[in-house]
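In what follows, a structure is listed as structure tokens, so that the remarks can point back to it.
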Amino acid sequence: MKYRRILLKLSGEALMGERPYGIDPEVLQSIASEVASVVRAGVQVAIVVGGGNIWRGRKEAAAQGMDQASADYVGMLATVINALTLQDAIERAGIPTRVQTAIAMQEVAEPYIRRRAIRHLEKGRVVIFGAGSGNPFFTTDTTAALRAAEIDAEVIFKATKVDGVYDADPKTHPQARRYDVLSYQDVLTRDLRVMDSTAIALCKENQLPIVVFDLTTPGNIYRVVQGEPIGTWIGQTTPKSNGIPARLAQESGS
């Protein structure tokens, strides 16, 4: 395998499948099976999961006139629901798993402790981080960047419903162009919104590459962790620099 330790960012929406709300059991089982195969290949896997399949903090706050901080706390609890569900699915796939939350809830999960999380990873356990960063006004993408830096992950894999980063929404713009390679600065200056600016800044500061890929294609989690050039690679360097993966550089025409 190309990587030793990774962080997988799953949006809550990714768990819905084609449902309008909640969790699709088939999608959950598929994700768990692929994560299990990656762990069996010797890769240490941490996961940050969102909660948008249950609660959309900013959207709900705006619609109901709810205080933003309160709405964000509800969203954090939604991520814990997803984390516990994902834990059960991965353990049924035969892989030991721990959930750590940024908000203490000792009856259902461990508190987030960096050194303990790293020790779990070293023992071959999947660690799922719930409750975001524990602070309102921060997204789960920012949490993913923060936790990846803290546990010394080599890369963040952001699983989405599209096969990379585009210059426009491919669902509404059929002529939208997909990028194979981007620098952090490209993402910020072009306002591509693959992650919020705080998350991108954290990744840039810690030189954490991001790979955005399509979760809906079976086997893609294993392929992308193996190093296959699928999706969009985002990093410190531009396509003409020496730091990007060679195959991606070839694809981008460098």
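Glycine is no exception: its Cβ is also placed from the backbone N, Cα and C atoms.
Since this is a predicted model, take the numbers as computed values, not measurements.
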Residue in GLY51, GLY94, GLY164 which Swiss-Prot records at the UMP site where ASP72, SER133, GLY134, ASN135, PRO136, PHE137, PHE138, THR139, THR140 also bind: GLY51
Between THR160 (ATP binding site) and GLY51 (UMP binding site), the C-alpha gap once rounded to whole angstrom: 14
Residue from LYS9, SER11, ASP169 whose C-alpha is spatially nearest that of GLY51 (UMP binding site), among the binding-site residues: SER11
Cα proximity to SER11 (ATP binding site), best match among binding-site residues SER133, ASN135, PHE137, THR139: THR139
Of the binding-site residues listed as LYS9, GLY52, ASP169, the one whose CA lies nearest the CA of PHE137 (UMP binding site): GLY52
